[in-house]
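**Q** This is the feature table in TrEMBL:
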DOMAIN    B:83-290  domain 'ABC transmembrane type-1'
TRANSMEM  B:24-49  transmembrane segment
TRANSMEM  B:87-110  transmembrane segment
TRANSMEM  B:117-137  transmembrane segment
TRANSMEM  B:163-188  transmembrane segment
TRANSMEM  B:215-236  transmembrane segment
TRANSMEM  B:270-289  transmembrane segment
Amino acid sequence: MRWIRQHLIGAIAIVVLLYLFLPIAVVIAFSFNNPESKFNLSWNEFSLDAWTQICGVPGVCSAFVTSVEIGLISTLFATILGTMIAFALVRYRFKGRSSTNLLIFMPMATPEIVMGSSLLALFLNLSFPLGPVTVMIAHIMFIISFVVVAVKARLQGMDPRLEEAARDLYASPSATFRYVTFPLVLPGILGAALLGFSLSFDDFIISFFNAGTLVTFPIYIWGAAQRGIPPQVNALASLVFIAALVIVLSAQFVAWRKRKSLSVR
Amino acid sequence: MAPVVPVASVTTKVAQASKQRSRIAYLLLIPGLGWLAIFFVIPLVTLFMTSLQAESASKPGTYVPGIQFSNYTDALAEYWPQFVRSFVYAGLATAFALVIAYPLAYFIAFKAGNWRSLMLVLVVAPAFASFLLRTYAWKTILADDGPVTSGLNALHLLPDGRILNTGIAVVAGLTYNFLPFMVLPLYASLDKIDYRLIEAGNDLYGSPQQVFRKVTWPLSMPGVVAGTLLTFIPAAGDFINAELLGSTKDKMIGNVIQTNFIEFRDYPTASALSFALMAVILVMVLSYIRRSGTEDLV
């Protein structure tokens, strides 16, 4: 009885993690399905067709590439803009700090449908043509806040004595930044960029409102959901999932190795 | 004799230096904040203006600027059930997510040891698999002839005899999709708790329940507030779960806004509903934050 009580919370934690991964297991498993009907919803028989002919369904791969391109460009811009804001917030005193914080917090506290529809209202009133540009404008807008939060956390967690040491050793402000500050913040910036890319790549609601006739990967899935999602979509999504997991886990592993070698010395 | 430094010149120098520093700060802030001002704040103003537009008398189907507040009353009179349903579904999903997420966050913060960072990665990892596909996968898991539905049916727990295409499936989907947004802030605030406070509670003969109620739970309040907000807000505006997992009787306000904006092109009605959703959520967030006293969420 005591044993159960002591391990109960661990057991619950594992069950919750399994619950988080259950749908992903289904997504991956059904990439190996040879669906009976158009709808890839119940298991029929094992097949590798979706993986060997991953672009075999018209439009899947071009939608995928579109999402990658939009994700990369949006992430690049949002990471630069957000990192600059994070530096200003942590390193400088200026008037208007609380309104700056509010402006950064608001997009995270606003439902996507409100941001998507309000941007569409703006573009419609300006008769601005919808397409990749409007989607990227929207993505940069909603990613900035997440970048600010991630980079700010990294900057705040940095030991200020490292920069003081550089200054004491007569490093100019720009040299201090280049050789000390920036390398220390870089993991935070890269983490923020990965987060930003995954938010952009997977965004549906805001993109759907502002895409016009452009088809991103999530928009393709939405359309396909009505007439049956081909297993190729599952295969591509599984690829993305595994790639992202490998990147994050190897970053964790590198950090863990570094910690270990430091503690040995 | 010590050199006499004129105080005035020192202070002006300091003032100049800090002025220059704050100029750098503004240079760093302006591009990003400008982007947010142009593509977040101004659109909200446009949304509000669009919500007051009136249908053009000469060209039906197009809209002209106006101050037609009846758009709001008309829209809410027609769609109040979906509006209320959104808040009920989002509230239920938030409550379930809190109950499910708390033990996991607690375990990661206090018991996971070396596994902590790996477990955090695993909490975030589902976001790398498509939101739409994961939601769609619940169609397979909750299928009428699937193990979950037949199991619950054998226990006579399902009023309609099925899960898919009912409100239960929509709430389940919302709970699932936004669970990581609950776990992470809970973990962050539990992690900040000095574990010695919990030990002190145990040493003073507090029962586990008492220690949780009087020590752990109150100290984790900032995480509870942030987590419930981060779950409730996207859930209330979501239309994906209701569309994929629910029936036409389970539609939420997001579905209404989406169809009115994109399919019916009834921009004033859709804008009015969208703006009303924003206003209600904003009021709720502000009063909630004020009551629980967590000002710095960023």
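Including glycine, each Cβ sits where the backbone N, Cα and C put it.
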**Q** Which stretch from B:87-110, B:215-236, B:270-289 shares the most C-beta pairs under 8 Å with the transmembrane segment (B:117-137)?
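**A** By Cβ pairs under 8 Å, B:87-110 leads among B:87-110, B:215-236, B:270-289.
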**Q** Take the transmembrane segment (B:215-236) and find every residue of the same chain, 6 or more past its ends, with a Cβ under 8 Å from one of its Cβ atoms.
**A** 86-87, 89-91, 93-94, 97-98, 101, 105-106, 174, 177-179, 181-190, 193, 197-198, 201, 206, 252-253, 277, 281, 285, 288-289, 292, 294, 297
**Q** Report the listed stretch (B:24-49, B:87-110, B:270-289) having the maximum count of Cβ pairs within less than 8 Å of the transmembrane segment (B:163-188).
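**A** Of the candidates B:24-49, B:87-110, B:270-289, B:87-110 scores highest.
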**Q** Mind checking which residues of the chain, 6+ beyond the ends of the transmembrane segment (B:270-289), have their Cβ under 8 Å from one of its Cβ atoms?
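**A** Distal contacts: 44, 47-48, 50-51, 53, 71-72, 75-76, 79, 83, 86-87, 225, 228-229, 233, 236-237, 253, 256-257, 260-261, 264, 295, 297.
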